[in-house]
Amino acid sequence: MYLQAWEMQNEAYSYTVDEALLSLGFGKFQAFVLAYAGFGWLSEAMEMMLLSFIGPSIRTEWGISDGQESLISSVVFAGMLIGACTWGFISDNYGRRMGFLCTATTTSLAGFMSAVAPNYGCLITLRFLVGVGLGGCHVLSSWFLEFIPAPNRGAWMIVFTLFWPVGSVFQAAVAWVVMPVFGWRWLVALSSLPSFLLLLFFKVTPESPRYLCKRGKLEEARLILTRIASLNQASLPPGLLCTKSSQEEYAASSSVHMTETSPLIITKERNGLQVFLYLLSPSLLRSTVLLWLVFMGNAFGYYGIVLLTSELSSTNRRCKLNPTRPIHLQDESSLYRNVFITSSAELPGLLFSAFTVDKIGRKASMYLLLFTCCAFLAPLMWPQKEVITTCLLFGARACVNASMSIIYIYAPEVGTCVCQKIVLK
């Protein structure tokens, strides 16, 4: 009798992962997750910024053509296209930890081996593999957000994205010091070290409780939430952990499971292809295509500006040759200076996005930032003085990076609604 009463009481009181995180708040545990995921984001930024520096040096050392130099950057983005699809599938089916373990391993090993590449063909292959690893950068951001209380995710996502400009600025500073003295191979090797550091602390990283609940592993999820409660000196809500917030949602699912440590758990599994096809269904096609276009526009603008900075700096050096100085020394510092300045633009851009994202909304903020970015880029269709070019690139990069940070907030919010529709369908 007492056992039945206890079971009825616990079934009456249940909580979801979101409700647990809201009760636990942001504490020491989330600070650790932020530091780990942020450092991974920083390492990704360093590898991407590397594209701005190594091309001209490799062309000088190996005598490659302009097209071959451009291919060094192109294969990285081709690899990212493959990695973006691959690592998402792995993280959804084998866990977030497995996802960023694979990405960190691929990026660090291929990045370090690039430093000792004996020829152009080998370098291209290794940089492609680096791109495959970089394509999984979204796994870390998703893992981080799944530990943050829902009402605070927008603000903390902005804080998380601060690690990207820090990595960009740091890479520019390292290149400024290392490249003139030690050359591009040392810079490539040093750029792979942050990814190796992620592997050192991998064992202490927890799996996402949201993912564990999705897979029906509620006891493992509960243990992680208990650990969070202990570190944050907070308490979990009363009752048992469940995957839904109401019995009506239970009835909407298709399969029923009962365990000794959990209440009624109901799940409906769909594989990655089914989810992808559902995103292209008539009810979601418009939202899916629009999100793809916004992501493509932001990525095209951001990485275009990154590569344009080094290209315009190289053009200025070629146009201002001084025969009294060696070619490899003449105005070489202008490249590092310009990249350093434009990379610094991401910090005020993120601060602006943090101010506007909740004030005027996600969509309005992206409209404003993307149109302003176009206004900064338009004058570059004509030759400008170096200082004006740098200022225009500074403004454009600040805007497009701010827009990128907002789309990373907006897309998961839209995705949450999509997932709810998938579950209830």
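Glycine too: its Cβ is placed from the backbone N, Cα and C atoms.
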With the ranges 100-122, 123-145 to choose from, which does TrEMBL describe as transmembrane segment?
-> 123-145
Restricting to the same chain and to residues at least six past its boundaries, which positions have a Cβ under 8 Å from a Cβ of the transmembrane segment (364-382)?
-> 294, 297-298, 301, 305, 308, 312, 349, 352-353, 356-357, 388-389, 392-393, 395-396, 399-400, 402-403, 406-407, 410
Contact yes or no, the transmembrane segment (21-42) and the transmembrane segment (289-308), 3+ Cβ pairs under 8 Å, gap 6+ = no
For the transmembrane segment (157-178), find every same-chain residue at least 6 residues outside the stretch whose CB is under 8 Å from a CB in it, and list them.
-> 34, 37-39, 41-46, 48-50, 52-53, 141, 144-145, 186-187, 190-191, 194, 333, 336-337, 339-340, 343-344, 346-347, 349-350, 353-354, 357, 401, 404-405, 408-409
Which one, 71-91, 184-202, 289-308, has the most C-beta pairs under 8 Å toward the transmembrane segment (123-145)?
-> 71-91
